[in-house]
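Each remark here refers to the structure printed beneath this line.
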């Protein structure tokens, strides 16, 4: 082995490991030594970043010569120089690296999940435990459930057409008969991975103990269940919201083991639902009637109904001062205007704070059976089969059987009119959308492919093709910047950023090969 290769292997391994550790621990305040354990010595940041910059510049140079993704690597090169001289803050650098990795996803040639499902995969979810993001929960239409460890492979295999080995992840456990009929949704208990919940077309919602793989609690619903949701920020309740073919939304209380109450307002079955990411008492539902309703679970009726005809365009602040009403003039709105069925009109130019928004429902809600024209406003020309709120709680994404994706401003309840490019969305079942943590990309299942759109412009960033049949679900792992997709072909595919240079060098060296980083134009 040449001296250059030895130096590159040592520096690449040390620098990539150090970079990964710094990025993972960036901004965490709980990195304290345990009792009786000495505090680790702080690394020399200037030395660390100089090593990282050196290795990354070599890697970027080699990849730039190969062509493709020039902008990505040029940004990395420039950002590392700014980190070395201190002009770029660590948090900004971390966001940039995560965003660039998310936009450069490709079908992984280093990791695969060995699926034991014998039906279409309808649900995928990674646990939201802080610092983990490790265990993948999958559910399929054959009534089976499986859990995978995304960090620790169970075996490895090598392909004859590739010089790299593939890490294979077999299920930690597989439940062959979790439900009698198809499972529509499976999710982790938000607090830890000791519990998970499944919903099925057999009208049951079941709570499972992960360690014993036994049912702890179950709920019998009057119709087949399309979806379930739990609030990840709730501290005062542990409610499971259920979307069924029935017109009512039922809330299952884990504390009592019974139904807390029902939410009535939809004129047809409810196909999708999502808890607000900023307020624990606000639930968002999408129905087969094309309506998207906002509920405050502490009050009856809806307080906000989205209307696709109401947009933020054309809204301007008044040039004249707003007249102050006199004492004998009533400042309250009529009863019909105060009803929750009408969409509140708030100033589009209102300045937002950096804090998460707090939705304030009106004190009076619309009657569930109210048949006014305002109460029949629709968000889609068809069933709403997918909902996803951004992490900051400002915006909501919705997909419909009309093959349209819409972005809503939650504070004003208006359509932002972002024109997402053409897509084809299946209409027979709900789909699972995914959004990156920085709200820059949205991933949408589009029949046998998956499309990544820029959230704010609507342009197509990438189209991922790898499945043989329709894609039903996707989940973005923010911890590793990986994307997982499930399809009717019963396969779970992994989409990840390119393999680190250190891994390529070590594998090529063990097999006596030559990587592109060692190739040059010099003659021997």
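Placed from the backbone N, Cα and C atoms, the Cβ positions cover glycine too.
Where the annotation comes from TrEMBL, it is an automatic prediction and has not been curated.
Under the heading compositional bias 'Low complexity', TrEMBL lists 317-348. Summarising the annotation, TrEMBL assigns compositional bias 'Basic residues' to 349-358. As annotated by TrEMBL, compositional bias 'Polar residues' applies to 361-375. Residues annotated as region 'Disordered' in TrEMBL: 316-375. Annotation source TrEMBL lists repeat 'WD' at 114-158, 176-218, 263-298, 377-418, 464-496.
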Quick one: mean pLDDT on the repeat 'WD' (114-158)?
93
Counting only residues 6 or more past its boundaries, what in the same chain has a CB within less than 8 Å of a CB in the repeat 'WD' (464-496)?
98, 101-102, 105-108, 110-113, 115, 117-126, 132-134, 136, 138, 140, 148, 150, 426, 429, 431-437, 443, 445-452
Composition by DSSP (helix, strand, coil) of residues within the repeat 'WD' (176-218):
0 helix, 23 strand, 20 coil
